[in-house]
Amino acid sequence: MQKKIKVLCVDDSALIRSLMTEIINSQPDMEVCATAPDPLVARELIKQHNPDVLTLDVEMPRMDGLDFLEKLMRLRPMPVVMVSSLTERGSEITLRALELGAVDFVTKPRVGIRDGMLDYSEKLADKVRAASRARVRQNPQPHAAAAAAAHGHAGAAAPLINNPLVSTEKLIIVGASTGGTEAIREVLTPLPPDAPAVLIAQHMPPGFTRSFAQRLNGLCRISVKEAEHGERVLPGHAYIAPGHAHLLLARSGANYIAHLSDEPPVNRHRPSVDVLFRSAAQHAGKNALGVILTGMGRDGAAGLLEMKKAGAYTFAQDEASCVVFGMPREAIAMGGVDDVAPLSDMSRRIMARLASMGDRVQRV
């Protein structure tokens, strides 16, 4: 008999603790071993129960969730899924939690808490399941390294400056899910200001993508923004799919443009990585590079194969550096990947490949 995933739920709301327990205990492969109203109680329960996964509210009394997470990841690293409110402040705190080492997050519904949380049961269970298999990392000073890279002081970024690449024809197309917010940061921060345009589909709910883009914009040398429907796609810019819509690449004459769609979810996701990759295969062909990063499930695998068949060169993040090696594994298994790279070397390999394309970049 397979051992169940032990989950400790930390939330100052008794209702949320009860609902989380109900949802998790309804799954055949997991159970709540204990609940705690605040981090101080949780600290003792961690010692007592040795849970496999912690769900943690971001805002609690006695000790802030971020303070607790920072101490936890330094002293006793373990998989953590954050439980966040759908507010601007909540999104900023959640993104900071992901920087500190949380594996993923699930949002609290704004209204009808009980019905809303029960509707989230499948998503919550999936995230707990993925977290139990995730590689937990210690991340002592992410801001310092990223800020240095953004201002040209990081040693790893220097070689990229020597290869300025300005071309409206070249594009970098990126897809990610669980663990992707930090992976995307690591890919984008070394890019030079004149890098080709980057289009990104990251599985993230509405209300979080704008804060995510703003945070990256403050760390990167390229401009990062949430994509808007119909805007021209320009070099030196990264465009992140809004949490409520699919992002597609389209063309208007000789120009690339961003197209947003409210079509139904694909692979249970909107935005979907497959949708973005397929549009890049159709409209960019050999002019694009495809990059699939850490994530749960198979979204993006089929689309990356379509990009490769259309002439694009494709990358996948390697297993050792992934938080969850799901999407890259599926893409590799389908034969859609040309190069498997560690996250720490992904930007350099992308820029080296772009430099080698030269005159072979073609208008499609």
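Easy rule for this one: first residue shown is 1, then count along the chain.
Note: Cβ is positioned from N, Cα and C throughout, glycine not excepted.
Residues annotated as domain 'Response regulatory' in Swiss-Prot: 6-123. Taking DSSP states H, G and I as helix and E and B as strand, the domain 'Response regulatory' (6-123) has 57 helix, 28 strand, 33 coil.
Per Swiss-Prot, 4-aspartylphosphate is recorded for D57. Residue density at D57 (4-aspartylphosphate): 24 other Cβ atoms are found within 10 A of its Cβ, drawing on all protein chains shown.
Feature annotation from Swiss-Prot assigns domain 'CheB-type methylesterase' to 165-357; the stated evidence is sequence analysis.
Following the DSSP three-state reduction, the secondary structure of S177 (active site) is coil. Other Cβ atoms within 10 Å of the Cβ of S177 (active site), summed over all protein chains shown, number 28. Annotation comment: Swiss-Prot describes S177 (among others) as active site, evidence class sequence analysis.
According to Swiss-Prot, the feature active site maps to H203 (among others), an assignment based on sequence analysis. Using a 10 Å Cβ-Cβ cutoff, H203 (active site) registers 26 neighbours.
Counting Cβ atoms from all protein chains shown, D299 (active site) has 30 others lying within 10 Å of its own Cβ. Taken from Swiss-Prot, the feature active site applies to D299 (among others).
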In the three-state DSSP scheme, H203 (active site) belongs to coil
For H203 (active site), the spatially nearest of the recorded positions D57, S177, D299, using Cα atoms, is S177
Cα of S177 (active site) to Cα of D57 (4-aspartylphosphate), in Å and rounded, measures 21
